[in-house]
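Peer 1: Mind looking over this structure? Questions follow.
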Amino acid sequence: MKLASFHQFETEKMEKRRRSTSSSSSSSSSKKHDGEDDAHSHHILHRPISPLLCVIVFAVLIRYLVSLHPYSGAADPPKYGDYEAQRHWMEITLNLPAKDWYRNTTSNDLTYWGLDYPPLTAYQSYVHAQFLKFFDPESVALVTSRGHESPLGKFLMRLTVLSSDLVIFFPAALWFVFAYYGGRSRVRREELLWHLSLVLLNPGLILIDHGHFQYNCISLGLTVAAVAAIFVEKDLVGSFLFCLALNHKQMSAYYAPAFFSHLLGKCFKHQNPILKVAKLGLVVLGTFLLIWWPYVYPLKGAMEVLRRLAPFERGIYEDYVANFWCTTSILIKWKRLYSMQLLKLLSFSMTLLSILPSIIQQIRSPSRQGFLFAMLNSSLSFYLFSFQVHEKSILLPLLPASLLALDEPLMFQWFMNYALFSMFPLLRRDQLLIPYVALYMLFALLYYCPFRKQDSSGNGSVNGWKASAMALFLLCSLLLHLIYLTLKPPEKYPFLFEAMIMLLCFSQFVFLAIYSNMKQSKLPSRFVWIDKKKVL
């Protein structure tokens with residue numbers, strides 16, 4: 001009995017040792033596999049940086065070449081154009097106290113390009129004005145500098161846009177790419193460079209900022225940085241950066257529903273949601289208070305700024321923008337038939353209703369890709385249905401579409417084609433036809449380069465009747481390009497060709513909005529926020 005008992009004890013001991021060895025081997029194998037994933041991710045992000053530098057240098061060179069062409073309002077008195085507006089804001093912020101920047105005074109005639117962007121734009125104008133004053137004080141002299149167009153002044157103004165791009169948009173784009181793909185082990189370095197190239201060489205942004213002349217690179221760059229911060233779990237930093245974007249250009253509110261719903265959805269998944277919401281709220285309030293401090297007391301100052309930010313007196317639409325109100329005005333004369341109050345209510349209701357499905361999806365199931373789709377759907381809804389939209393506002397939905405380029409390459413290409421086409425009349429008036437064609441061709445070369453993503457799921461290619469329909473629409477856009485450049489419209493309908501371009505682009509934007517909302521609705525209906533450590 002003792003011998004049998006001893007034999008049983010030895011058998012159990014050997015069995016425990018075998019299980020322990022097996023468990024240790026399995027653990028070692030798992031660690032090895034995880035280590036390989038980490039090493040692969042590190043390898044992608046830390047390869048030799050020469051190709052990356054080439055992309056950045058090339059993007060800077062393209063911006064410089066575009067800046068050699070004319071700008072909005074060049075040699076076109078008495079009010080010139082957007083170039084003069086930006087220069088005038090520098091003149092005003094440099095020579096007048098902050099309390100008079102948004103107020104009509106003898107030195108600040110608001111009918112002549114009065115400031116109509118939030119305070120951060122005014123502070124940016126002040127900083128750039130100091131730079132111009134040092135090298136060319138005549139270009140920012142009070143009153144006497146109106147319409148100033150000296151070669152040195154133009155060079156310095158162009159330089160302020162390029163430096164803003166380099167300081168804000170370029171680092172934000174790099175941060176986004178590293179944050180979005182840092183945890184993926186199946187993304188090739190070439191694909192990352194391809195995506196980064198598409199973001200940095202966005203033809204629409206380059207043509208408007210470095211051709212037409214604006215500073216969208218600041219607000220859009222801050223937005224991209226906010227997205228990257230949220231992707232690396234720095235929600236408070238992301239909220240702060242997005243508040244900066246909102247306070248630079250009020251159109252950044254196009255993204256606000258996406259940021260709100262995504263962060264709220266993440267808060268609901270947190271162990272202490274009330275505390276997390278309180279922290280985010282304090283960051284938002286603190287950032288706004290800091291930026292608006294010169295106008296907080298007395299309250300009259302803040303109201304003067306707010307009235308400048310919401311120019312309802314211009315009407316529900318202006319020019320031939322490819323949105324719902326302008327397109328349907330061919331049949332329904334909105335401005336003539338309905339009051340301003342009713343139009344504001346209709347615009348708000350339709351914008352909110354079109355955004356609602358996207359908001360609900362992100363509150364229920366916040367995810368990285370869902371967040372980007374929510375940004376696209378929200379901004380596109382604002383573009384299509386909100387009050388007083390400009391042609392240049394298409395840059396806002398175009399940004400999240402570019403951030404989704406590796407996941408949805410065909411959608412991005414399709415969107416880029418018609419976003420550029422919708423701005424074609426504006427760019428033609430600015431005499432930017434050559435850079436428009438050159439950047440269009442450059443985009444096509446980049447999109448079809450050998451390193452682009454080969455998507456077997458169907459997101460990168462089409463066939464059958466879909467391909468035929470897309471080819472037909474592209475042919476229509478090509479013909480309209482040629483017609484606009486070569487023919488004169490009938491005297492009775494001087495804006496006939498602009499209306500035709502508007503109709504075609506509007507139809508494609510509606511189709512893209514439906515497609516994008518469907519893609520977001522089909523995302524997994526569970527919390528899929530990617531955190532590599534938690535998954536492992």
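Even glycines carry a Cβ here, placed using N, Cα and C.
Please treat TrEMBL annotations as automatic predictions, because they have not gone through curation.
Dumping what TrEMBL says about this protein:
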type	residues	note
REGION	1-39	region 'Disordered'
TRANSMEM	49-66	transmembrane segment
TRANSMEM	155-180	transmembrane segment
TRANSMEM	192-208	transmembrane segment
TRANSMEM	215-232	transmembrane segment
TRANSMEM	280-299	transmembrane segment
TRANSMEM	342-363	transmembrane segment
TRANSMEM	369-387	transmembrane segment
TRANSMEM	394-412	transmembrane segment
TRANSMEM	432-449	transmembrane segment
TRANSMEM	469-487	transmembrane segment
TRANSMEM	493-515	transmembrane segment
Peer 1: Counting Cβ pairs closer than 8 Å, which of 49-66, 280-299, 394-412, 493-515 has the most of them with the transmembrane segment (432-449)?
Peer 2: 49-66
Peer 1: How about the transmembrane segment (155-180) and the transmembrane segment (215-232): at least 3 CB pairs under 8 Å, pairs 6 or more apart in sequence, or not?
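Peer 2: They do touch: at least three Cβ pairs between the two stretches lie under 8 Å.
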Peer 1: Can you tell me which parts of the same chain pack against the transmembrane segment (192-208), counting only residues 6+ beyond its ends and a CB-CB cutoff under 8 A?
Peer 2: 44, 51-52, 55-56, 58-59, 62-63, 66, 169-170, 173-174, 176-177, 181, 214, 216-217, 220, 224, 392, 394-395, 398-399, 402-403, 405-406, 412, 416, 419-420, 423, 427, 432, 435-436, 439-440, 442-443, 446-447, 449, 451-453
Peer 1: Please indicate, using numbers and ranges, the residues of the same chain that are 6 or more beyond the transmembrane segment (280-299) and have a C-beta under 8 Å from a C-beta there.
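Peer 2: The answer is 98-99, 102, 118-120, 123, 235-236, 239-240, 243-244, 247, 263, 267, 305.
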Peer 1: So which of 394-412, 469-487, 493-515 is most in touch with the transmembrane segment (369-387), counting Cβ pairs under 8 Å?
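Peer 2: Most Cβ pairs under 8 Å with the transmembrane segment (369-387) come from 394-412.
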